[in-house]
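Contents: one structure, followed by commentary.
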Amino acid sequence: MHKIAVLPGDGIGPEVTAQAVRVLEAVGRRFNRKFQFAEGLVGGAALDRLGHPLPGETMDLCLASDAILFGAVGGPKWDQLPARLRPEAGGILALRKELGLFANLRPVKVFAPLKNATALKPEVVDGVDLLIVRELTGGLYFGRKAREPLAGGGFRVTDELVYTTAEIERIARVAFDLARKRRKKVTSVDKANVLESSRHWREVVTAVGQEYPDVVLEHMYVDNCAMQLVKNPRQFDVLVTENMFGDILSDQASALGGSLGLLASASIGGKTGLYEPGHGTAPELAGRQAANPVAAVLSGAMLLRYSLNLEEEAGCIERAVERVFERGFRTADLMEEGRELVDTVRMGDLIIEQIEAG
Ligand SMILES: NC(=O)c1ccc[n+]([C@@H]2O[C@H](COP(=O)([O-])OP(=O)(O)OC[C@H]3O[C@@H](n4cnc5c(N)ncnc54)[C@H](O)[C@@H]3O)[C@@H](O)[C@H]2O)c1
Ligand SMILES: CC(C)[C@H](C(=O)O)[C@@H](O)C(=O)O
Ligand SMILES: [Mg+2]
């Protein structure tokens, strides 16, 4: 029996998470695995009901589970609150930190049937298969923050970017270990021409790289990387980078696949892995079953792979998704002429159908 905590959150979070749960149930039936799902409140939904974006009972549920399936949190309703009450800082960021989830894996693999769905030329994105390893519990997000009023009016505002050697070493090892199982190349992305933290990042990643002589290491400035991602994305295998750089580059890289609605992620390194789509709550789509649930569904596949060690089951979900695209079904974000438009629930149905067909 595998215990999975389900934290749907806000906006489209509950809609896409519902499909991910249904798909996991279908995989359970097909492979005779028992998954026990237990839902918890998080984000704005938790704040409205229980007064905190990460209530103690949700934390307890996460700690008592084998893995966590997370939707998305936040929205305009809660944007003006102080940080500790905001669904983002007080909810998902606090949860990642509490659980020690320092490594965030965000794969971007372009599905062959979708190579015309991007704004880029199909020959640029065809065959892209890269993995962003984003440091998740340090860097610019978690340094000292301040807002000090100035005598003459206005403020002096601060966000510090802090890393220790050990924090850089451990994320570098995750990247090199994963590269070993892939095409054996790591691109470390930094801003070492300007930032002291990046200068040290580069030294430490280089030193860790010596332990992996079979893996090619290159360093790239983040501004150049943003450009290279759209110009020649096939050059990349594993990218490893600071928290905020990884946040930005991963949304950008998702567009190679056609939509942010395809970007799955795994946050690992602590006791319990957390799996969430890379996108947010998309308030403009919420309540309409218009969102693409594939990022959430593929995050479920990553949960099977990284927390439960069920590789065959994970692969089954990934193949089912690809097959549904081959058959010409598209949610609105990926819609092209000559394809069939489906809503969130129908996309879930089609993936399940494919899993059941074997
Ligand atoms: N992990 C999280 O909980 C998380 C992640 C990102 C943003 N957010 C929050 O979500 C809220 C909205 O932020 P935003 O608009 O900048 O980012 P967003 O990711 O919600 O949306 C960005 C764009 O992508 C589209 N999109 C996102 N997910 C989609 C899906 N599954 N299918 C189809 N289209 C999809 C949206 O329609 C929008 O055009 C904010 O409160 C933000 O803080 C939360
Ligand atoms: C909601 C926000 C705090 C979050 C982040 O920046 O990590 C999101 O953008 C993501 O990419 O998971
Ligand atoms: Mg983001």
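Using the three backbone atoms N, Cα and C, a Cβ is placed for every residue, glycine included.
Quantities reported herein were computed from a predicted structural model and do not represent experimental measurements.
Pulled from TrEMBL:
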- Gly75, Pro76, Lys77, Trp78, Asp79, Gln80, Leu81, Pro82, Ala83, Arg84, Leu85, Arg86, Pro87, Glu88: NAD(+) binding site (BINDING)
- Arg96, Arg106, Arg134, Asp223: substrate binding site (BINDING)
- Asp223, Asp247, Asp251: Mg(2+) binding site (BINDING)
- 3-351: domain 'Isopropylmalate dehydrogenase-like' (DOMAIN)
- Tyr141: site 'Important for catalysis' (SITE)
- Lys191: site 'Important for catalysis' (SITE)
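Looking only at Cα atoms, Asp251 (Mg(2+) binding site) sits nearest to Arg106 among the recorded positions Lys77, Asp79, Arg106, Arg134, Tyr141.
Of all the recorded positions listed here (Arg96, Arg134, Tyr141, Asp223, Asp247), Tyr141 has the Cα closest to the Cα of Leu81 (NAD(+) binding site). Listed recorded positions near Asp247 (Mg(2+) binding site): none (candidates Lys77, Asp79, Ala83, Pro87, Lys191, Asp223; Cα-Cα distance within 10 Å). Each residue contributes its Cα atom, and for Lys77 (NAD(+) binding site) and Tyr141 (site 'Important for catalysis') these two points are 22 Å apart. Taking a Cβ cut-off of under 6 Å from any atom of ligand 1, the binding-site residues Gly75, Leu81, Asp247 reduce to Gly75.
In sequence order, Ser198, Tyr221, Val222, Asp223, Phe245 constitute the residues six or more apart from Lys191 (site 'Important for catalysis') in its chain with CB-CB distances below 8 Å.
Only Asp247, of the binding-site residues Leu85, Arg96, Arg106, Asp247, Asp251, place a Cβ under 6 Å from an atom of ligand 2. Taking the Cα atom of each, Arg134 (substrate binding site) and Asp79 (NAD(+) binding site) are about 25 angstrom apart.
Checked against ligand 3, the binding-site residues Lys77, Arg106, Arg134 give no residue with a Cβ less than 6 Å away from one of its atoms. Cα of Arg106 (substrate binding site) to Cα of Tyr141 (site 'Important for catalysis'): a distance of 18 Å. Counting in whole angstrom, Pro87 (NAD(+) binding site) lies 13 from Arg96 (substrate binding site) by their C-alpha atoms. Listed in sequence order, the residues Val222, Ala226, Met244, Phe245, Gly246, Ile248, Leu249, Ser250, Gln252 complete the 8 Å Cβ shell around the Mg(2+) site centroid, once Asp223, Asp247, Asp251 themselves are left out.
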